[in-house]
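Peer 1: The structure follows.
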Amino acid sequence: MIEYLTNKFLNSKQTLLEKIVQIHDKKINITKLAKTLIEKSDCTKIDNTIGQKLLIKATYANDLDLVKALHDKGVKLGTKDLLGRTSLHHAIKAGAGKDLIEFLIDNAGIDINACDKSGSTLMHWAVNSHHIPAIKLLQTKKADYFTPDYLGQTPLKLAEYYGHDDVIELLAENSSAGYYV
């Protein structure tokens, strides 16, 4: 596969990694291909624009090894997209595993209570996605779940709206301020 892509795009002005991020064929394992290229490459740093695209693909693929490889090559894990969302937002939305989310929390330098452009915090995203491991991790990092988004919805109100009784119970039992909706 790598030989095919290398030969196909050899005369292109784009790098092979730039071409890889443009592939949307589900039959091709993009993250495995990118990891192989990064490991075999002699480059010490990856362009952040390309790195961000690969990082988002890696979070949706729940590929902690690729996220770590990109981080080692200088890709900034806390970079925000046009909507103010980071790789951590995308990992939570994608239902990524606890280890990947924990790695991003510990290494991305992201304010755990920062809002995206809709006013949603990471806790809003975790509750909205019904991502219990992410909610628990965010709680250990003292994430706020009483802050409303721009529509006035707190994570607790979202849990109630979606009927996530287990989330309501989890947030209420771990709340030092009590349960206010």
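Even glycines carry a Cβ here, placed using N, Cα and C.
Pulled from Swiss-Prot, these are the listed features:
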{"type": "REPEAT", "residues": "50-79", "note": "repeat 'ANK 1'"}
{"type": "REPEAT", "residues": "83-114", "note": "repeat 'ANK 2'"}
{"type": "REPEAT", "residues": "118-147", "note": "repeat 'ANK 3'"}
{"type": "REPEAT", "residues": "151-180", "note": "repeat 'ANK 4'"}
Peer 1: Looking only at the repeat 'ANK 4' (151-180), what is the model's average confidence as pLDDT?
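Peer 2: That region's mean pLDDT is 84.
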Peer 1: For the repeat 'ANK 4' (151-180), give me same-chain residues lying six or more residues beyond its boundaries with a C-beta closer than 8 angstroms to one of its C-beta atoms, as numbers and ranges.
Peer 2: 118-119, 121, 123-124, 126-128, 130, 132, 135-136, 139, 145
